[in-house]
Structure formats: structure tokens, C-alpha cells
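As given in TrEMBL:
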TRANSMEM  A:21-39  transmembrane segment
TRANSMEM  A:45-65  transmembrane segment
TRANSMEM  A:77-95  transmembrane segment
TRANSMEM  A:107-129  transmembrane segment
TRANSMEM  A:190-218  transmembrane segment
TRANSMEM  A:239-257  transmembrane segment
TRANSMEM  A:277-299  transmembrane segment
TRANSMEM  A:319-337  transmembrane segment
Amino acid sequence: MSAIESVRDRYRTFDEQRYAPLVKGVALFGLLAALPVIIEIDVAGMELAALLSLKVLILTVIYAYTAQSWNIMSGYTGQFSFGHAAFFGIGAYATQKLLVDFAVNPWVGMLVAGVLAAGYGLVIGALSFRFKLQGHYFALATLAFAELLRFVVTNMSELRGANGYFKPFPRDYGAEYGLVAFQFQNDLPYYYLIVGFLLVVTLVSWVIKNSWVGLYFFAIREDERAAASVGVPSFRYKLIGVAVSAFFTALGGAYWSMYFNTIRPDTVFALFKNVELLLPAVVGGPGTLLGPIVGSFIVTPVSEIARTTFSDINGLDRIIYGAFLVAIVIYSPRGVVSWPSQARALWKRVRGDEEVSE
Amino acid sequence: MSADETNAPDADAESADVPDADAPRSDSPDADIDRDGEQILSVEGVGKRFSGLQALDDVDMTVNRGEIIGLIGPNGAGKTTLFNCISGAFPPTSGTVRLDGEVISGLPAHKIARAGLARTFQITRPLEELTVVENAMVGAHIHTRRRSEAREIAMENLEFVGLADKAEEEAGELTVGAQKRLELARAISTRPEILLLDEIMAGLTPSESKQMLDLFRQLRERGTSLLIIEHDMKAIMNISDYVKVLDQGKGIAFGAPETVVEDDRVIEAYIGGFDVDA
């Protein structure tokens, strides 16, 4: 037995244990927690931080978080949303509106925003699913609902139109810098906060995946008619998927509005925001737990580095996003996380052929 | 309509072309058919119209508990359309379908499944990226929200159809024969009172078909009623208690297999069609 095989067998025995998901989760989030330290390690006279700053890390985890949220709806139930910027923008705007105009604590505002976004998701879902919009048509409908919000917000003086909101100081809503205020004076707490967000949404995803709800979601994704024939109420479960996904995406928008100083319709509701929110999940592997996280660590740093390094080439990051999207859809629709098992299958085939020829 | 009325004797049944609500339909069971068991499914005057095409026209039939009923007819006779009307894939344009006396026509498919009627599809519809056991678990979740219980029910039924050893494989990777058995396992995981099987034996090898017939008999012994569409005449004549014949959307005969094959209208519908030595 080769060394590779014995390692593989040991991994398989580990994987069958009940505690395996826990161990994997702790390892993954331990690594994420250690990243700010790791990037400052000096490798051959060059710090990794020169390439991968804490800011880029935060952005990466934000998109891992939003992709994980998108995944609950689009990866699990298969209803491909191209309009998650709607929920993201609602999250950002509702939180800031409540904060600036009513001095509502951002944590409370964030939850209100989540509920609002879930409501908007239910409206989009109920209309689309009632009229049996599927595939491209559904994706276009969600995009239309997102763009609709961008136009409405841009033209609403109550939401400060195109100017958007500027995040107030903590003292303006009776708080001091820290967790309660949702504001910190340096980036490190922000990083751990978004890792915490990612942990929560990943746990929720894991619970869904391991319950009947997840199985119903997958059944709907695979074949709605077959699912209905064995008692899956697809309309209701698709709505559940949309609502949960919209809720968590809005929380991401709220975080965004607290981490960055300003929000405007053409940032949080931007047409391109829709792509940024879904791409990590598509690249990493839609429908998987690890995919959105892995995908974001591939997509976001590369595009950020390209954007800052070649800052004179306007829109290079978007070209890179586009290239990723095209490449992954054509060559590996199951995403990067499917590569190990595909490699194993290939390896098996090659070895199988050898055995035959021997 | 009660079972008694459906089974009412009418010597001239064949010529009753004029619609008459009280008179038994043209294809009512013969007077000498004495069917046991309570009525599970009753199809009453069901019609289905697709923009200009009358796919089903005033079809009646009943299925009692523990019966195996064959549904036959030439291509395009409306067999699958009838299945779709009964199982809620789409509603009939006229008529009523009752399950255990409750009207189910017009209900969505998932509610009909929950009421106790399961079906398989002519072209198999495995949930491809799910494993074999997960496919069956989707059906089992009708009864429980607990995954462990659903898994137990699913495994029992995979064992029953002989797929237990493939439980962890992806459903999309199965051979056609195995996919057919998976369709059956998924459907019976809902523990239906009545099972509609749409050409589940098509594409099976002779030995697989034989096993399938054996499964049908076992299901019947458990009290599950079966309504079967099949093109293999030998198999259907062999297994069915009664046979219902459709032609051009209309029911043209109902009765024991050996009587039906001698029916003039059936022979006409099938001209040069089949010979039966069952």
C-alpha cells in the first residue's frame, strides 16, 4: 500500500466519525483567526502582508460571508439569484437610515434590515415562483428587482438620493468605540467580527444541510417535479431559502456600511455588486459549505491585488472576475472544491488502465 | 360514486354511448366481476384538453385496496396523461379524482403525495447529484423530519428493491435498470396506499423484469394498490387482477385480462398489435 493510499484511508476513517465536521470547522476557523498573524510572517525578506493586507483579508471574508448567504438560496435550492445586491443594499441602507435619523443601535438596525430584506425576498420569490420563472428568466427577474431598488433609492430624498449616508461617530448614537457601537478604531476587531459573521452563517448552512430542509432544497434543485411527486412542497421551501438567504445577505450589507465610511446607491446597489456577491460561491463550488469560503480566497485577493497594482487600468478587477466566471462555468461547474475528488477519479482511471495493461 | 354503483351490472354497457350520469360507463366492469376490498382510488369522468386536443375524454375507473390494475392502450391513448391528472402534475379539465373518498383532483402534486398516492416517471427522474439513499430519504421525509428515521425507512426500501449496496453512490451514476428500482424505492418510501407505475419495466433485462414483477406482488401483499402502465403485454396480463384499456383518450374496456383480450374494441384498437398467451 502506497503512502498516499494509507493517508487517504486514514482520512476516510476520520471522515466517518461523528466529530469530523466539528474538527474541520475548528481547523478552518482557527486558520482564519490566525491569518492576520500569518500574513505578517517574514518570508525571505518579504512580508506576505505586502500582498495580502488586513483590508484585503476583511474584504475577502466579507465576500466569503455573502457568498455563503447566497449559497443557501441559489446553491442549495438551485434558484440562481443575480440580484442579491438588493438584499445587501437593504441591509446597508436600513441600518444607516435607522442609525443616522433615529440613533438606533446598528446591531438592532441590522436585524431590522435583515427582516426587511427577507420580506423583499419573499415578494420577489412569491411573484417569480407563482409565475413559474426558472433558470435564466428567474435570474433576470432578480436582477430587475435589484436594479429597481437602485433607481428608487437614487431618487429618494428620504434616503439622501445619490449622496448616500456617511457613517456617524459612535457618540452620535450614545455609544463608545467597541463591540456595542459596531465601530472600532483599527481594522483587527473588524476582521474578527466578520469572521464571527462567517462562522454563524456557516453554522446555519451546516444545520440546514444536515436537516430535512436541506434535503428538500437539494431535491428541488435537482428536479422539482420529482420532488413534488414525493411530497416536497417546493413553493414553500423555495421561499424559505430566499428569506434565509436574504436575511443573512442583509447582515453583510449592514457590516459593510459600518466598516466602510460611506454607502451610496452606486456602491451597495451597484450592478456589479450582484456579481461580486455570487462569484465566490460559483467559483468555489455552489451547494457546498466550503466552496464560498475557498472561492472568495481565490477571487477576492486576486482582483484586489490586480486593482491596486494596475490602478491605471480601470476595471481590471472586473475583467478578472469575468474571466474567472467564464473559466469556471465552462471547465468546472462544480467549482474548485470538486477538484480533489475529480483528481482522485482521474487517478483511479489512470491506475485502472495500468493494471489492465500489465 | 360508490363502489356498488361502479360495479353495477349492465349488460348493454358497451353500447351506452349517450352520456348519462346515472348509467354505468361504457367500460364499467362486467356484472360478473366481483371485486374485493374497499375502494382506494376512483376516477370519475376525467377529461383533459390541451389547446384543441382532447387527450382524455370522460374516463372512469376505480382501484380497490390490494389490487393490481393494468392500464394499457396504443401509443397516444392518454395513459401517461391520465397518470399526470391523477398525481397532480396538472389538473384535469373535467371530472373528479378521489383518494379514499376525498377529492384530490386540482390539488398540487405534493399534497396528493402526502394524501397517500405515489408515482414513478416513464423517463426516470433521479435526483442526480444526491446519493441513492438520499433520493429515497426525500420520500421518507413525508413521515418524519428526523434524518435518522428517514434514513432507516429509506434503507429498508432500498433493501426491498435490491439497491442497499449502492446506497452511497450518486443517483446519476446508476444504470437504467437501477434507476428504475430507485424510482420505485423513492416512491414507496412515502408509504403510499396506491402506487402509479409508468412503464417502470421498459428497458429492463428479462431477469430484471421478473424481479420487478416479484416486487409488485410483495407490495400488493403489504396492502399497497398498484396501477401500472406497461407495454410488455405478457407481463401485464400475467400480473394484473384487472386491465383497463384506453384508446384515443377514452376508456374502451375494463375487466379480467383474459376477457379484455377477447374484447372486439380492444382488438380493433390494437389491430395487428399484440398476441397474448398469458
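Don't overthink the numbers, they just go from 1 along the chain as shown.
Glycine is treated like the rest: Cβ placed from N, Cα and C.
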The transmembrane segment (A:21-39) vs the transmembrane segment (A:190-218): 3 or more CB pairs under 8 Å: yes
- prompt: Any chance the transmembrane segment (A:190-218) and the transmembrane segment (A:45-65) have 3 or more Cβ pairs under 8 A, given the pairs are 6 or more apart in sequence?
  reply: yes
Field: Segment-segment contact (the transmembrane segment (A:277-299); the transmembrane segment (A:45-65)) at 3 or more Cβ pairs under 8 Å
entry: yes
- prompt: Are there 3 or more C-beta pairs under 8 Å linking the transmembrane segment (A:107-129) with the transmembrane segment (A:45-65), counting only pairs at least 6 apart in sequence?
  reply: no
- prompt: Does the transmembrane segment (A:239-257) make contact with the transmembrane segment (A:319-337) through 3 or more Cβ pairs under 8 Å, each pair 6 or more apart in sequence?
  reply: no
